[in-house]
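The domain 'Arf-GAP' feature in TrEMBL is assigned to 1-126. What TrEMBL records for 129-230, 252-356 is domain 'PH'.
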Amino acid sequence: SLLSLCQNLLPLLSPPCFFSLRHPSFIPQPDWASLTLGVFVCQACSLLHRSIPHISRVKSVQDTWDASEVELMAAMGNTAAKAKYEQKVPAFYYRPTHTDCKLLREQWIRAKYERNEFEFIEKQEPYSAGYREGFLWKRGRDNGQFLSRKFILSEREGALKYFNKQDARDPKAVMKIETLNATFQPAKIGNPCGLQITYLKDNSTRNIFVYHSDAKEMVDWFNAIRAARFHYLQVAFPGASDEELVPKLTRNFMKEGFMEKTGPKHTEGFKKRWFTMDDRRLMYFKDPLDAYARGEVFIGSKENSYTVLSGLPPSTQGYHWNHGITIVTPDRKFLFACETEAEQRDWIAAFQRVINRPMRPQEYAGVKKRAHFFLFCF
């Protein structure tokens, strides 16, 4: 049966789904297979393969199979398919995991099997050329409306720019590639192609929210930003390997969500705010789609006397949510309250991961450079 064939071939296969990219010790049961591509896939990936029926026809390993279908699977398999369809993946190109949004996972599959982008380098031009120009829907900072804006990404100029008017000579904003980050946020933005771009402006974090109606177009923009960051870092750190640089290209936020907070005197009433944990920076916003943070605090390491505690000091008053968190820094304590115990556990775990990690030399430099913004406005 094919099921026994799957089991016999499994040790020879490369990981069949996104999950094992992040957890190599775990290989999910390949419950499905693509008859046309000759690869085994998990349940989640099979749903994405169904979106390209002209390329991939999936079938359960529990179904009845004829001899020719079994022979096809034995002849190809995941390892051979990976060697064929991923032979020229650029180092900067984002390889999604099971935790990434559907857009990234589906476009990865389409790029491999439908467009054959990693077999022919010329098909990678949209995100490899060092220059990209086009229109994206951008959310207005003040009115919240999405309007079409012209964007230009230029590695030569070291910047991503956007223009408020199509014929404008001067850009509305210039975002240096040095501080640029991009992360897909479909739920927050309310669009399956929603991308959050962050950069530093006057030493504080600025957010812009964009999307495009074409999924490939949006993922191409994302990988073009990663390519620009990659080439910038290659120049900035000439001795670094690709393996060292790739994790620095873009990053997802460690944790986001609502908490309550109080002011520096701990006597002000608690207010509900949206928090974003971006590496060592904890920022808070009145609204998840605000352009600027209302406040930002640096989270150092335990060697620098930073700790996180469950609960609030006994004298604390004014909170509505009962699951408290106290962050102790060399200068003061920051008090938060979560709505549920599960949220409290998740936030504490995120803070603990950062605090347990020794600080790098460049992080010490960043603290001095941005010290004036490590505040907590009420």
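These residue numbers are counts, starting from 1, taken along the chain as shown.
Note: Cβ is positioned from N, Cα and C throughout, glycine not excepted.
Worth saying up front: this structure is predicted, and the values here are computed from it rather than measured.
Note: the domain 'PH' (129-230) comprises 23 helix, 46 strand, 33 coil (DSSP; helix = H, G, I, strand = E, B). Remark: secondary structure over the domain 'PH' (252-356) totals 18 helix, 41 strand, 46 coil, with classes taken from DSSP. Mean pLDDT across the domain 'Arf-GAP' (1-126) comes to 81 in this model.
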